[in-house]
């Protein structure tokens, strides 16, 4: 028997079947670095329209986690896709380098600043620590395959950036938005500093819940205010609080003007509460609610004088809209030091702050009874005092949501302190910010509503901190009036120039006389530092507007959905305060990573996924594919099992690509390409299918629908190509003469499809796309990442063999396959090439299928096809899912060709090749087979 293997065009490619991503990717990264890939891209896109994705800086502390990986991969996908669309899309990564966590870590090593080590040395150690953290995180981000200007990132601790942060502050001062105030702010007694809204998170906390009686001082006055007051005994207004430690600072009781209040008789006493809360107060405090002896509205009691429960202080009743019937008694004890609503309602009545609590959470020495006590430890002492004064109605433990420091995880207090604020009301800043929201595209669109709701409750932004490691608030204030120096804008620029040369120490070491001259005697340097949210919030000024490769405003900000209250908001407020315009055109948010059960990831639970581990075991491309395949608009589930499924999907895509590549063996596109109009009809369809799909894919990249791209590519590879096209052309590619038009047509189509596919996957499977690009035949003008979307020819809709035609053919093929499988299972046939198929088709379908002539058998992967009219179908013909079609399958009695394995009547008709069919004889030594359709 003759071996005809050498006459076949067997597949061959250097593109490996086994990815070995974990081993191969680091080598690829070295090559990218050696080739200076990022700069190659910049040079290739020089002068093109820009697309700026501005990187929200991660905090320089700790290894990268899965949330970091998601964020950076999404950004990288967008930047690479925009580059493929022809944009110049520089990507400058950044890091947030100041703040409390770095101070805490440095304190553990060198001790407290100003105690164990001087401030300058402490700042130096903080800078060294942050630099080390940046280096570690950078290594992790590079390993993900993220292409960025890693040699020139922005760090908020760079001298130039620190100087520009100070300049940004100067512009905000010059525009009249900075104020100094004595206001309650979130205060960390552990950190000894104020916190911004964005640094606050809510956790469950168990507190004392107490109902306290404030006695009415002048019962005659009360009697006149309450219509038809009855009953007997002293009258008290009942307040409810979960922060007993604030009672020493209590200066008023707030009621709601429109609420109805009732007086209820108790044994020997009368109590006033909101009628809507009477039942719940009764159940909680165990009081008798049966006998109502008086009614009034809140407004009737305005300025009624009450007695503080343990001080001699008189306490007025005031009115406030913040009083509701959600919980409590409808009467709210009011301490302007310890709550923004309390502060605001107190201000309207001329009630100021007392400043009883110091920065460490201790009552000051001047505070009666509680001097030196810590606010966290004083509740029981206060409760005992209330009991001794017969002012405690009820006490119990109460678990509720309470503000905590997001870094130290410790409870916060509201504390009135002298601070610097960006005023949201002065000069109408908040109104302008709200208007600017309209001009931004929010993706998903609920982001706009979230931002608006955040802004509705937006107080003045406290930007000052009492820290060592932070950009200084480089201002001079008058020692007596506390007013800013009249030449502040010019002074800020002088200080910024010094900081640009010597860093923030230039301010801390500065002798005011060097800048102020004789004025120095009247002015003090501000010693506060800036909130780190200000540092990152002004990067639109300190980075985008300072680097020539960027442009303002940015096209896109992309971060987690928690940043509506964080970076998105701080950036918007500062940009409006400085420039009057939003810093971004689009804001895109992604959800948080959760485990397979939807639970938040936690080291203590043990359900975290380490990106380093995934990359070391499965490769970065698998991690990137998981990110792309997941709808990131909501929570993103990840687990070892999910990643293993992703790895399987990756292998299927890789195998399809490899099959394409192996069929390009011996193909030189410069020499062997076939013009689109000269291609075999099925090949034209395959290229047309890719062209139409590419339009969808580019649109999905533009709308950030990456999970849809994954689905479309996966479907294209597995269904359109693997399940239809590649099955059909296998015979043509393997058995026809190497340089025949029909074979070169199939190779041309596959070459174009791979050229398109490699671009489609490059933003997502970057390492794999690079590997494919290296193995592709033909000349290349540069790396895949400098390429643009491939221009693909398309079929005209009036082409008889258009997309609709081949969809019909695919349905017929699927229907025939089901019948073949049934006959194979019942033993009628072996493989499909051992079958002869008779199709009984309606007139319309008959005409369509008949247009393929003899080549219909190659579409159906059988040795012979007979095409007949539907009304000729015998009763035992198989009914199939295609309308107007019945199928009959019989075993072929013809001999099997030793080369193509088709069973044909003409096998043995050639004396020199008795084992071959006629077309194989022609392909081996004749003029070769001719194909037009399949």
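Cβ atoms here come from the backbone N, Cα and C positions, even for glycine.
Feature annotation from Swiss-Prot assigns L-isoleucyl-5'-AMP binding site to 559. Classification of residue 559 (L-isoleucyl-5'-AMP binding site) by DSSP places it within a strand.
Annotation comment: Swiss-Prot describes 603 as ATP binding site, evidence class sequence analysis. If you take the C-beta of residue 603 (ATP binding site) and look for same-chain residues 6 or more apart in sequence within under 8 angstroms, you find none.
The Zn(2+) binding site annotation in Swiss-Prot covers 897, 900, 917, 920 and is backed by sequence analysis. For residue 917 (Zn(2+) binding site), the same-chain residues that are 6 or more apart in sequence and have a Cβ closer than 8 Å to its Cβ are 897, 899, 900, 902, 904, 906, 907.
Panel annotation: around the motif ''HIGH' region' (58-68), residues 95-97, 99, 101-102, 105, 130, 133-134, 136-137, 140-141, 155, 560, 592-593, 601, 608-612, 638 of the same chain, lying at least six beyond its termini, place a Cβ under 8 Å from a Cβ of the stretch. What Swiss-Prot lists as motif ''HIGH' region' is 58-68.
Long-range contacts of the motif ''KMSKS' region' (600-604) within the same chain: residues 66, 592-594, each at least 6 residues beyond the stretch ends and with a Cβ under 8 Å from a Cβ of the stretch. Among the features that Swiss-Prot reports, motif ''KMSKS' region' is placed at 600-604.
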> Whose Cβ lies within 8 Å of the mean position of the Cβ atoms of 897, 900, 917, 920, the Zn(2+) site, other than those residues?
Replying inline: 735, 898, 899, 901, 902, 904, 907, 916, 918, 919, 921
> Among the binding-site residues 897, 900, 920, which residue has the largest number of other Cβ atoms within 10 Å of its own Cβ?
Replying inline: 920
> How many Å separate the Cα atoms of residue 920 (Zn(2+) binding site) and residue 559 (L-isoleucyl-5'-AMP binding site)?
Replying inline: 61
> Which number gives the other C-beta atoms within 10 angstroms of the C-beta of residue 559 (L-isoleucyl-5'-AMP binding site), all protein chains shown included?
Replying inline: 20
> According to DSSP, how is the motif ''HIGH' region' (58-68) divided among helix, strand and coil residues?
Replying inline: 3 helix, 1 strand, 7 coil
>> Please report the three-state DSSP label of residue 920 (Zn(2+) binding site).
In response: helix
